[in-house]
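A short worksheet on the structure shown next.
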Amino acid sequence: MQTMLKQRVPTTVGKQAQALPRVAPKIGRARNTVVAQAAPATAKVAKPAISRDLVDKCINAIRFLAIDAVNKSKSGHPGMPMGCAPMGYVLWNEVMKYNPKDPYWFNRDRFVLSAGHGSMFQYAMLHLTGYDSVPLEQVKQFRQWDSLTPGHPENFVTPGVEVTTGPLGQGICNAVGLALAEAHLAARFNKPDVKPIVDHYTYCILGDGCMMEGISNEACSLAGHWGLGKLIALYDDNKISIDGHTDISFTEDVAKRYEALGWHVIHVINGNTDIDGLRAAIAQAKAVKDKPTLIKVSTLIGYGSPNKADTHDVHGAPLGPEETAATRKNLGWEYPEFEVPQDVYDVFRAAVKRGDEAENEWKQACEEYKAKYPKEWAEFEALTSCNLPANWAEALPTFKPEDKQLATRQHSQTMINALAPVLPGLVGGSADLAPSNLTLMKISGDFQKGSYAERNVRFGVREHAMGAICNGIALHRSGLIPYCATFYIFTDYMRNAMRMSALSEAGVIYVMTHDSIGLGEDGPTHQPVEHLASFRAMPNMMMMRPAGGNETAGAYKVAVENRKRPTTIALSRQNMPNLPGTSVEGVAKGAYIIRDSEGHPDVILMGTGSELQLCTEAADILEKEGKKVRVVSFPCWELFDEQSAEYKESVLPKAIEARVSVEAGSSFGWAKYIGLKGKHIGIDDFGASAPAPILYEKYGITTPKVVEAAKAVMA
């Protein structure tokens, strides 16, 4: 390795390009840059099949599709696509294995644009290489209503987009999850005497913003620890963020940090024009098998723009007509808006033939594998079909009232270990809390470097990355069912990843224990109060709070069945009974009657989790006083809201206004079920440090208080 100083001076591209004028000098010092060694002899460097002039033309086509689309939209981020276009050309035309006509072919390489604000980069690549999802008309509809080219890449909208990115740092963490899935499946199914059937890379482009976000460091620390050699991240080192040049806040040596994290690090000093350098760097990265690779690619944001390159002005705003014209002249681009020359299409559309050939070769390898390993092939095919095994839910146990009282976190442990043998795709773990979350699968060891086939994942104290990595595992689309766990309070650290699960339709199962003030002495720093309300407000997230063993089984059944919808299961530390009337089937309705009166009820008591018991105890007292009481278990608001009007009326008749809800959490939201006359027994405070029974008494979450509230609403 050698160290040298290099001034970042713009250069020209193409025969007719005029010299770029110097841009405004950057704030602060010159930077030391680490230069990669040449690719080792074992690395295969792709040789260009076309002239350099045509290569430059292809690169400029990427740039101007982005420029024109952002201009037409009057919003967007043109600078990143302009600077990263050479990376796009090399990756999509010379390196990556994919089939534009079969976007979900299993053995494709995965690409993640972690710098999701530069989405036109990805749409340009999908269009140029022949994906049906992004015809030119969709490029022209960038950021418009109902288009397939939204402002940030969305996997559930645009075939060819693997994960949804936008919040910086999430994408690289998703990429770690994708690479984990590949490593896990390869270790489980590949055999030494036949061609591998699981053999693909994960490529990711991330920027300075991703590097600054702490979540990326969490995930990349894990990737280095695990030695995920098929993860290759290209760092767009343009030293610009929205505030301006990154010297004002970000001066660390990223290369040294990633070396310390266990990554192989390469630096391409001139990412603007050094195509051979990019080729050699990627070849070297692929030759390193036991470490993920970070390729630091120093680029000029907005490359080619005479007046806006290397400034934050080109980061998040259109170039505008005058600067676009100047950029066209500067880069020698003589084509009108949205026009792509046929010779450029010819180069990129060769991906269709390459992809078809690669997929057919893989299918042939699968046939050979199937002939030699029929049992393993049947397992592989069953898993990657993403269909659940027949009768899998029969493995879930059920409970009787006389069964031992346990905390629902203990029931959760039972469910995980009941499901592990019948769901071969179940994989997951805890953020350093496995002994408390009770999430280890007894039939498996730990996923580690050298033991990728195992299914218990040790995430360490990295909640945010844990959630985002699980999103990547889910979106690998290979039948894996990821779960992850921590104390419920620490969803605060991973909320954005959980929101991305819901948005991305990633069916992650979030196992959240210590669900209320019932955890006791750890106090308000560890007592989730507003969290149930918070996740109930999140679209496409199912928020479960089961009461007892049957409802915990029901929560897992619902969670496993919903592969496009994440589930958060809030579980208790304290024991609770298996109440009569609770059932697996009832959970699927969201709310259901567990105890009823003859005739018209005088009052409805509804509760969740450990507080459902208070409702039944209050019902005992009220019934002795001659009152007619209905008790409703309410494990999942979202599922109840989705039931028919007739069913909802049968559980909560409009005519019965006397209603009480009981939950050791915020009252926020309960009004829509208890109405104006109803009362909620809960806590709108942060809690306190004391034994759980004392806390319940002090906060008035007790059977006598439920009885008192019921009498008040019946008055």
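Quick reminder: no glycine exception, Cβ is built from N, Cα and C everywhere.
Some features that TrEMBL has for this protein:
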ACT_SITE  Glu463  active site, proton donor
BINDING   His77, His315, Arg409, Ser436, His514, Asp522, His526, Arg573  substrate binding site
BINDING   His117, Gly166, Pro167, Leu168, Gly209, Asn238, His315, Phe490  thiamine diphosphate binding site
BINDING   Asp208, Asn238, Ile240  Mg(2+) binding site
DOMAIN    406-578  domain 'Transketolase-like pyrimidine-binding'
SITE      His77  site 'Important for catalytic activity'
SITE      His315  site 'Important for catalytic activity'
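The recorded positions shown are His117, Asp208, Ile240, Glu463, Phe490; of these, the one with its CA atom nearest the CA of Arg409 (substrate binding site) is Phe490.
Same-chain neighbours of the Mg(2+) site beyond Asp208, Asn238, Ile240, judged by a C-beta within 8 angstroms of the site's C-beta center, are, in sequence order, Gly207, Asp236, Asp237, Lys239, Ser241, His245, Thr246, Ile301, His315. Each residue contributes its Cα atom, and for His117 (thiamine diphosphate binding site) and Asp208 (Mg(2+) binding site) these two points are 12 Å apart. Across the annotated binding residues for substrate (His77, His315, Arg409, Ser436, His514, Asp522, His526, Arg573), the two most widely spaced Cα atoms sit 48 Å apart. Using a 10 Å Cα-Cα cut-off from Ile240 (Mg(2+) binding site), none of the recorded positions among Glu463, Asp522, His526 qualify. Here the binding-site residues are Leu168, Ile240; the one with the fewest Cβ atoms within 10 Å of its Cβ is Leu168. Within 10 Å of Leu168 (thiamine diphosphate binding site), counting C-alpha to C-alpha distances, fall the following of the binding-site residues His77, Asp208, His315, Ser436, His514, Arg573: Asp208. Most Cβ neighbours within 10 Å, among the binding-site residues Asn238, Ser436: Asn238 holds that distinction in the structure as shown. Using a 10 angstroms CA-CA radius around His315 (substrate binding site), none of the binding-site residues in Gly166, Pro167, Gly209, Phe490 qualify. The average pLDDT computed over the domain 'Transketolase-like pyrimidine-binding' (406-578) stands at 98. Ranking the recorded positions Asp208, Glu463, Asp522 by the number of CB atoms within 10 A of their own CB puts Glu463 at the top.
Least packed by the Cβ count within 10 Å, out of the binding-site residues Arg409, His514, is Arg409. The distance from the Cα of Gly209 (thiamine diphosphate binding site) to the Cα of Arg573 (substrate binding site) comes to 39 Å. Distance noted between the C-alpha atoms of His514 (substrate binding site) and Pro167 (thiamine diphosphate binding site) is 28 Å. Across the fold, the C-alpha of Phe490 (thiamine diphosphate binding site) and the C-alpha of the residue listed as 'active site, proton donor' stand 7 Å from each other. Each residue contributes its Cα atom, and for Asp522 (substrate binding site) and Glu463 (active site, proton donor) those atoms are 19 Å apart. Between the alpha carbons (Cα) of Ser436 (substrate binding site) and Pro167 (thiamine diphosphate binding site) lies a span of roughly 31 Å.
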